[in-house]
Amino acid sequence: MQNVGFIGWRGMVGSVLMDRMVQENDFANINPIFFTTSQAGQKAPVFAGKDAGELKNAFDIEELKKLDIIVTCQGGDYTNEVYPKLKATGWNGYWIDAASALRMEKDAIIVLDPVNQHVISEGLKNGIKTFVGGNCTVSLMLMAIGGLFEKDLVEWVSVATYQAASGAGAKNMRELLSQMGELEASVKAELANPASSILEIERKVTAKMREDSFPTDNFGAPLAGSLIPWIDKLLESGQTKEEWKGYAETNKILGLSDNPIPVDGLCVRIGALRCHSQAFTIKLKK
């Protein structure tokens, strides 16, 4: 039975993964070992009745070297720190990652098996050991219109995405809820009075959003009652990195990096917890 290490299993993505693995009875076929960045030595969680002993230190390269497979949902900073150190030891196990840090590496494959199973299978034959989850909106787009790409019918795509707080992580989801709570509290009395002016309510809400004390540490701006047409950092091209991913990751997933299809658009963060939405304009070849 293979030793499989899990890092970042308590976060938003990790929690969903654990639930799914329990549903699919995946723990029956592995020896799970759980790692932590802050609570090493404490009791490990029990999934599907399997006692995994104590939590291991997620930065302990010697412990990580013992694993056949590593599944990490810890984020890009962790990957950037640990992955090169682990590979430098000669470790030759499988690294499966939800973060974006390794997506565009030459020896990594972005996994979207309903669309690029042929790329995954070829990579396994060629000894690829690093597999990375794709960008959320890129994956959704290809699940929706992947058949058009497969039939070589697409000349270009323009996409507008409307992305929930969950795409930025659990801390951002909490911040959105905190923002919602503060806005509601600021006009609680007015909302209880049907005769109160909606314009006055709106003015008070806007004033609250502009206060220095309003919680924006994670998003950098109010999201509750608003939206943010900017996700990730600015690139030299003038795109945000999230917009660039639509082009770069789409073509890598499809194995088209040498003859890429243009993909561009606008990515907007909206005040929803987990619901993403997209709108496409597609030019077809026929």
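Even glycines carry a Cβ here, placed using N, Cα and C.
Keep in mind that this is a model prediction, so the values were computed, not measured.
Classification of Thr37 (NADP(+) binding site) by DSSP places it in coil, neither helical nor stranded. According to Swiss-Prot, the feature NADP(+) binding site maps to Arg10, Gly11, Met12, Val13, Thr37, Ser38, Gln74, Ser166, Gly167, Pro194.
When other Cβ atoms within 10 Å of the Cβ of Arg103 (phosphate binding site) are tallied across all protein chains shown, the result is 22. Under the heading phosphate binding site, Swiss-Prot lists Arg103, Lys245, citing similarity to another entry as support.
The feature active site, acyl-thioester intermediate is assigned by Swiss-Prot to Cys136, with similarity to another entry given as support. Around the Cβ of Cys136 (active site, acyl-thioester intermediate), the number of neighbouring Cβ atoms within 10 Å comes to 17.
In the three-state DSSP reading, Gln163 (substrate binding site) counts as strand. The feature substrate binding site is assigned by Swiss-Prot to Gln163, Glu242, Arg269.
The Cβ of His276 (active site, proton acceptor) lies under 8 Å from the Cβ of Cys136, Thr137, Leu140, Thr161, Tyr162, Gln163, Ala164, Gly167, each of these being in the same chain and 6 or more residues away along the sequence. Annotated active site, proton acceptor per Swiss-Prot: His276, in sequence order.
Looking at the residues that bind NADP(+) per the record, Arg10, Gly11, Met12, Val13, Thr37, Ser38, Gln74, Ser166, Gly167, Pro194, the two CA atoms farthest apart are separated by 50 Å. If you take the Cα of Lys245 (phosphate binding site) and the Cα of Arg10 (NADP(+) binding site), they are about 26 angstrom apart, rounded to a whole number. Cβ proximity to the substrate site centre (mean Cβ of Gln163, Glu242, Arg269, cutoff 8 Å) flags the following additional same-chain residues: Thr137, Thr161, Gly167, Ala168, Ile228, Trp230, Ile231, Asp232, Cys267, Val268.
Calculated from their C-alpha atoms, the gap between Thr37 (NADP(+) binding site) and Glu242 (substrate binding site) amounts to 27 Å.
In this structure the residues listed as binding substrate are Gln163, Glu242, Arg269; their two most distant Cα atoms lie 11 Å apart.
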